[in-house]
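Colleague: Got a structure here, written out as structure tokens. Questions coming.
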Amino acid sequence: MLKFHRGFPRPWRPGRAVAVGMLKVSRLGRRFHGTGVARFMDAATASLLVLFLVAVVPLAPTEAVLIGYGVLAASGELPLVWVIVVAAVGCTLADFVNFGIGRGLGMRALRRFNRSSGSRAVVSWTAGQLADRGESILVAIRFVPGGGIIGALLAGSLRWPRRRFLPVAVVGATLWSAYAALLGYVGGQVVTEPVLAMLISLGVALLVSVPAGMLVRATQRRVVEAAAATPTPMAA
């Protein structure tokens, strides 16, 4: 059952394995019904706790896992609303972790994203956009792979007030969590086989993320070309 992961993009492979594992764990949880384990924590609560931990950890494959949980919700294993709420809370906390790192390290926090001239230009462009229409940019960039991390680090590096960042983080995390969970939920409603439903949902997510990545690369080229065409002021 696990061999088909080789055809997936590398960042999604561990997330797919975790999500498929949770499909099995949720069913195994039924066997503990009526035991001391069930009285301590039922399968649904344990599953939501795992989702929260995955959402909190930066760079974890949250999207793939959340899609898997959406499939679980479609099969009646978990309440969809709670899946979205738990993921949104976890992602918001992760954003605050990255925001704090940005405030503490400044632009050094973005060093791993500055390994090429194109990436440096995009970071500079995003920083400029944050100054003009920061709230909408932070929400939109979350739907670009890695964009949530970059946005939170930049907001922290630019010393945004926490009271300004909090509502933006909540809105962005909630919209993104609802998007990913609903992908899995719709897939689970259309296809009754959970693993196949998750495969279809991941495919749809690819159709969204690939154009987003192409848009980022196109933006990189435009920014680099614009920077190269701008004459450097001569020193007096």
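Glycine residues also receive a Cβ, built from the backbone N, Cα and C atoms like all the rest.
Grabbed the feature section from TrEMBL, which reads as follows:
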TRANSMEM  40-60  transmembrane segment
DOMAIN    61-185  domain 'VTT'
TRANSMEM  80-101  transmembrane segment
TRANSMEM  165-188  transmembrane segment
TRANSMEM  194-216  transmembrane segment
Colleague: What mean pLDDT does the predicted model reach across the domain 'VTT' (61-185)?
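Modeller: Mean pLDDT for the domain 'VTT' (61-185): 83.
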Colleague: Per DSSP, what is the residue tally for the domain 'VTT' (61-185) in helix, strand and coil?
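Modeller: The composition, in the requested order, is 107 helix, 0 strand, 18 coil.
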